[in-house]
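Per TrEMBL, transmembrane segment is recorded for A:6-30, A:51-70, A:76-101, A:108-134, A:140-164.
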């Protein structure tokens with residue numbers, strides 16, 4: 001019990017830190033933050049249930065008014081704005097990512113890659129685009145067209161999620177809670 | 001850690017968090033129904049008037065919180081200039097600005113402790129399903145405490161990086177940062193258990 005709470009809370013903090021630390025620039029010139037990488041790592045490392053709870057805790061604290069989203073955004077206004085789908089999608093993305101890593105018995109790198117791609121990109125963008133389309137009153141396809149600009153950056157993060165999860169699995173196999 | 005609560009006191013600060021959240025929900029649903037550009041314009045003016053009524057400083061705080069929306073306003077403007085349906089674009093932009101501004105108003109005028117109290121009250125019935133309110137409170141406190149701790153550790157890792165390398169700090173510090181989070185989680189869990197557990 002204590003251990004689960006501590007892991008969930010510390011990974012919620014990790015999602016926040018990955019969005020706030022300015023010196024982690026993933027690609028030159030492209031404003032990509034590592035925040036959704038944190039969500040992917042919640043899934044690949046903590047597994048479906050704990051990963052989703054960590055992301056949910058993070059989203060809850062944003063709603064309570066802490067400026068934890070990348071760029072120091074936060075508060076209830078986020079949930080009325082065009083990026084609401086992405087924020088609400090974080091727990092779902094972490095859950096799907098973790099579920100795939102837990103249930104697909106492939107080598108950890110492959111499972112983490114598939115999980116991060118399906119959970120952290122496909123599911124997250126499906127929800128993000130839906131929110132964007134609803135708030136800005138556009139068709140789903142039009143919203144998808146606008147959002148497509150950001151997808152290459154997120155494919156890059158899938159690669160990083162694979163490398164980091166593999167690295168952790170090698171350094172400390174016991175820490176990959178999604179693979180008990 | 002800083003919260004988004006505004007230090008400039010307004011009469012809205014004195015209203016309880018629960019009524020404010022309910023009011024926000026009702027107004028947001030009503031706002032969604034508005035279609036006429038005139039009504040949306042009037043609502044936008046009313047929202048701006050509320051902010052300005054609490055003073056110039058307060059309004060500037062509020063405007064700063066709306067800044068991340070500029071990109072979406074540009075997208076809307078380009079889209080509707082291209083399709084020629086400018087009135088519809090103005091209605092959408094206005095509604096988005098009002099909804100975000102009103103939600104921000106609640107965030108700006110409510111202390112974090114009050115918000116947490118609302119969460120505790122509303123999640124209390126979930127105790128029957130195994131979600132202990134104490135566990136939730138501890139988890140919230142841990143995130144608030146450990147976000148700055150992990151930020152400091154990330155900054156230290158960045159300094160160590162710069163001492164060794166000419167290249168800019170990149171994603172490679174995320175792995176050690178993750179390890180630190182895992183280690184901290186183990187220590188915290190042990191410490192909680194040593195103090196009697198949850």
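For all residues, glycine too, the Cβ spot is worked out from N, Cα and C.
Curation plays no part in TrEMBL annotations; they are all automatic predictions.
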Which sequence-distant residues neighbour the transmembrane segment (A:76-101)? Criterion: at least 6 residues beyond either end, Cβ under 8 Å.
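Tertiary neighbours of the transmembrane segment (A:76-101) are 15, 36, 39-40, 42-44, 46-56, 58-59, 62-63, 65, 69, 108, 111-112, 114-116, 118-120, 123-124, 126-132, 134-136, 178-179.
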Below 8 angstroms Cβ to Cβ, which residues of this chain, lying six or more residues outside the transmembrane segment (A:51-70), approach it?
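Counting only partners 6 or more residues beyond its ends, the transmembrane segment (A:51-70) has Cβ contacts under 8 Å with 7-9, 11-12, 15-16, 19-20, 33, 35, 39, 42-45, 76, 78-79, 87-88, 90-95, 97-98, 178.
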